Amino acid sequence: MRGASGESVLPEDLRSRVLERIRPTRLQFSMLGRLYSLVARALEECEDLRLSIPSYRVELVGSAAKGTLLRDKWEVDVFLLLDAPREEVRRLGESLLRSCLGGRLPYYFKYSEHPYATVSLMGMQADVVPAPLAVDPRDAVGVERTPFHTRYVRSRLEERPWLVDDILLFKSFLKGIGVYGAETRVGGFSGYLAEVLIIHHGGFEETVKAASSWRPPVMVDTTSGKADLDMLARRYPDSPIIVPDPVDPSRNTAASVTPKRLAELVHAANIFLRKPSPTFFHALQPGEPCRRTLPGVMVLMSGNYSDHPPDSVWGRLKRLGERLYRATKARGYPALSYSFYTDEALEAAVYIHMESPSRYPIEGRLGPPPWERERAARFTEKRLGEGGWVWIGDDGRLSGARPYTGSAAGDVERALATLPLPPGTRSYKVVTCPSTGPCGFPSYLEALRDPTPPWLRHVLGGCRS
């Protein structure tokens, strides 16, 4: 992509500098290949597996198989494709993996739409996923499509191998601005979606330029007219962006993208086109935090979160943040936004950003019309009994006000008593941060208090030392 002067928007020296930091190394591929071989051998030599489901295939999938993994990702995805009905795979998958991996490799289980094992060895990880062996991607559901996605991307990159670098750049860009990942924690762009967009638009700069002009609802037809976009719009009415899956055009591969993450990409793309900077790319971002924190209220939770699926914990945290934000606004506090965090092990937190964790000392109340005699009498007695005020407005209804002596922390405590907490939570406490200064939290929790992305402060000069 060229700018008005005919020069590339991404300077060549910056492109080279970023790629030098994010390209996977030969050593990385070699070691990950060895990890895959160890896992594949454990599965292929597993007698219990051969006796239970004789026909199966072990397949390397995902970014490592496509050559599109970032240098800091020492992970492989291994699918155990079983020639058996989906129900049987779900019934036997976990026990078979335990039998095949036990005693040979260190592993632990995670639970998503399929239970899967994570082998952890020498700082590397291999996710081992049992799935039914599907012949047609239209018969696959969820992660079962991953082998088809891998084959599709590999075939396109064999035709245009130079796009590998552009995919790496785009993934690093998405990661740098905080919108990379389809999991609930992020609600952003999956690695596969990033690859599909680069293949469709023909490069990193072309994709960023296209994104800069997006306005919801966004439609990006990556299927050369094979997809029924009207049908997809009806099927995914809440999706701000629809990108048909090239291997199954009836599916929106951008279904995980939230309005917030789409808007963040559009905003970042426009700023990047105006002011390219290494700070947009995750591998070149400054190590020192760049923050200007806001006052507010922090809810600190502790529990056993590792016993629950991460998406379940993150999803509940997000809903808790939304409801506390609405509750504090409804109580008259100048709430601005919210953020949330969990280490997926022992702690979680929600922070409500506010102009100030205080509110007006008077609270208004709308009452009934006087002809609703009992209600009107109760309303009047209650307001005056509180040392407040009562009057009749121009609309003929009773109105009132009362002194308000509550606190933001107290109101959040009362709201928490009625709201579902993340699964595994054992206890919590509420802390008020009255100013923009430090509130005594560890750095990763203080980061929740600044709703402005660090990259944005660095790029546009809002970061003060």
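Keep in mind that glycine also has a Cβ here, set from the backbone N, Cα and C atoms.
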Please pick, from Asp48, Asp127, Asp136, the residue that Swiss-Prot records in the Mg(2+) site together with Glu75, Asp77.
Asp127
Ser63, Lys66, His149, Lys171 bind ATP per Swiss-Prot; candidate in Tyr56, Tyr180 listed for that same site:
Tyr180
Give me the count of other Cβ atoms within 10 A of the Cβ belonging to Lys171 (ATP binding site).
25
Take the C-alpha atoms of Asp127 (Mg(2+) binding site) and Ser63 (ATP binding site) and report the distance between them in angstrom, rounded.
12
Densest Cβ neighbourhood among Lys66, Glu75, Asp77, His149 (binding-site residues), 10 Å radius:
His149
Around the Mg(2+) site formed by Glu75, Asp77, Asp127, list the extra residues of the same chain whose Cβ is within 8 Å of the site's Cβ centroid.
Gly62, Ala64, Val76, Val78, Thr118, Gln125, Ala126
Coarse DSSP state, helix versus strand versus coil, of Ser63 (ATP binding site):
helix
